[in-house]
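Beneath this line is the structure, given in structure tokens, with notes to follow.
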Ligand SMILES: Cc1cc2nc3c(=O)[nH]c(=O)nc-3n(C[C@H](O)[C@H](O)[C@H](O)COP(=O)(O)OP(=O)(O)OC[C@H]3O[C@@H](n4cnc5c(N)ncnc54)[C@H](O)[C@@H]3O)c2cc1C
């Protein structure tokens with residue numbers, strides 16, 4: 001089936017599926033209509049919507065049918081200005097039919113920075129990834145009936161739909177050695193690996209970092225480190241395996257996947273071009289394996305080096321490609337770089353499972369079972385040789401990574417404009433940020449303040465690969481910036497990936513089964529208000545607006561997560577998805593681990609809740625943060641700005657609070673948690689809490705093939721009580737009470 005026809009079918013299937021959600025009350029009519037406009041486009045919606053909803057015109061569903069009809073009529077009979085307003089209203093609705101398997105590419109909604117008269121309707125084209133089973137992913141690679149679900153999008157809003165980057169995707173870049181006498185090599189790495197200094201080649205006892213392609217800045221200031229590397233007998237290498245590197249190639253594997261953030265990264269720094277080479281983009285039409293095989297054939301490569309991916313479903317996919325290549329006599333070697341350690345190599349042996357989920361436990365595991373040593377980072381090559389033959393590539397634009405939504409008049413909505421202003425995506429930008437951080441990190445105070453840059457702000461660069469964790473760790477050590485603390489933070493990162501390898505459902509399912517029984521709210525209005533920074537609580541709103549406008553938020557992630565879960569009772573998965581859609585550093589494993597912990601169902605769940613007002617006293621005591629992101633409150637005096645309801649006429653300048661009974665809500669939330677922790681039912685049997693933890697642990701071990709835990713000792717984790725302080729700001733990243 002031609003691709004466009006398949007995509008149209010996918011869109012229609014999605015529409016039908018969402019219609020079923022409307023029927024069972026899980027999606028509302030406006031949301032459904034918005035999704036239709038986005039998925040089908042204006043023309044198609046105009047011509048087909050009424051026939052799509054025709055089955056509802058029976059007596060049972062007639063009221064729903066008439067609601068949908070009136071939305072349709074209203075929408076298509078509006079003038080341009082009215083339409084913008086309506087589109088805005090529609091855009092505020094979120095899809096319920098999330099594709100949880102991956103960071104969704106949800107629609108961007110109306111945001112604080114948008115002026116009403118800029119509102120407009122859009123046609124969105126983003127496409128969600130397939131549901132996250134490894135089979136699905138493999139199917140995608142192999143082009144066997146991939147459940148690529150087609151556009152899921154919504155109409156809408158003004159500057160909407162930010163297609164976020166899902167997991168580090170399956171980009172592939174390749175290098176071919178043309179040097180006579182050396183083995184022909186294809187280097188396959190993730191995009192993040194491509195630009196980073198992080199790829200590590202292990203040879204015997206040695207760990208060697210693949211040099212980054214354009215670490216010019218780094219090269220200038222890393223003599224000391226280079227000497228140390230050489231002094232330690234390490235071999236300094238540029239690109240893996242071959243001194244004569246082949247052309248870097250980026251092979252785009254996922255059909256239809258839009259990844260604007262990657263696009264921005266790529267367009268900003270085609271690293272290879274700075275050192276005498278350039279990046280060749282290849283688009284795999286349906287099967288990455290086929291394209292890769294063709295490239296191997298074309299280049300005569302006998303070795304493939306690949307950056308390892310850790311998401312279980314992507315690893316499965318890689319395994320298939322590797323084994324297929326090996327069958328053809330191509331040697332494949334996976335290079336570990338995105339984390340400090342290969343999460344699949346971390347073992348609990350000698351440490352046990354008690355405390356699993358905490359970073360201390362994780363670090364003990366790493367210490368006890370060191371596995372391969374953390375090598376010195378190595379410098380990048382000064383230049384890359386030009387190959388005799390360049391593979392034929394396509395332009396970056398052809399990959400369709402950054403398709404912006406369009407208005408009806410055809411103009412583009414550039415939702416990323418503010419984000420571009422906020423970040424320098426180039427590697428130079430990353431290095432400058434790193435340098436700045438290293439300059440002040442010695443005096444770094446862990447204050448959890450929103451109004452001061454108290455952390456490195458490097459996570460997007462770590463995510464996209466302009467910086468590698470190994471270099472960061474090394475540089476931080478050199479700069480003496482409280483290395484143990486910093487090392488701990490990077491260990492958190494690794495811990496998240498370890499958890500994901502143990503529990504592949506981490507982004508979707510509450511890890512602690514009893515918590516699946518928690519009753520969550522489905523108040524879409526609350527969700528929208530939270531997403532848009534219109535909850536009426538200035539600290540929460542400031543953070544959510546910052547997130548929208550810049551793709552970033554730091555410590556405030558804890559505040560907004562607490563608010564969503566403990567005060568609005570919205571499922572943590574909603575927060576996870578929104579963060580995936582909006583964060584520049586959106587990372588499947590870290591994001592999921594943190595939201596699970598915030599939702600109290602993770603391995604290391606939070607023992608605090610950040611009260612949206614009280615937390616402001618410590619996070620933003622002079623209200624400069626709130627003044628910056630909620631300018632309509634800027635003139636309020638300090639003592640009122642975090643509680644504007646005491647003085648502002650609502651609805652005109654600043655939204656009214658969406659919930660006011662914080663104390664009761666918090667108390668109810670605690671009761672709910674206490675309840676599910678007290679009793680949980682499995683197969684009709686009621687288990688006491690005291691048995692639950694052990695049972696869970698044993699079940700996990702059995703499922704994961706881990707050794708059985710030792711007999712329990714010591715006290716069980718404490719259930720939070722209403723006497724707990726509501727707004728403790730723990731120092732640095734959150735740790736448990738343990
Ligand atoms: C609800 C929630 C969702 C989150 N989602 C993400 C996410 O999608 N991607 C992401 O990178 N971080 C996430 N974090 C963790 C943390 O907030 C960010 O890593 C941090 O704010 C990034 O800022 P920084 O680079 O200045 O961090 P720094 O404090 O300077 O730390 C340096 C690096 O260590 C790592 N790190 C720091 N804290 C943590 C942590 N608690 N867990 C894991 N790694 C950590 C990050 O890679 C970070 O860049 C989330 C936190 C919460 C509460």
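Placement of Cβ uses the backbone N, Cα and C atoms for every residue, glycine included.
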Which of these, 425, 486, 563, does TrEMBL say binds FAD at the same site as 455, 456, 457, 458, 459, 585, 586, 587?
486
Quick test of your reading of TrEMBL: among 669-703, 704-738, where does it put region 'Disordered'?
704-738
Is any of 457, 520, 572 (recorded positions) within Cβ reach of ligand 1, i.e. under 6 A, and which?
457
The largest Cα to Cα distance in Å among the residues 455, 456, 457, 458, 459, 486, 585, 586, 587, listed in the record as binding FAD, is 20
Students should find that the Cβ of residue 595 (site 'Electron transfer via tryptophanyl radical') has, within 10 Å, a number of other Cβ atoms equal to 27
May I ask which residues of the same chain, at least 6 positions away in sequence, place their Cβ under 8 angstroms from the Cβ of residue 572 (site 'Electron transfer via tryptophanyl radical')?
510, 561, 564, 565, 595, 596, 598, 599, 601
Cβ-based isolation winner (fewest other Cβ atoms within 10 Å) among the binding-site residues 585, 587:
585
I'd like to know the mean pLDDT over the domain 'Photolyase/cryptochrome alpha/beta' (275-349).
84
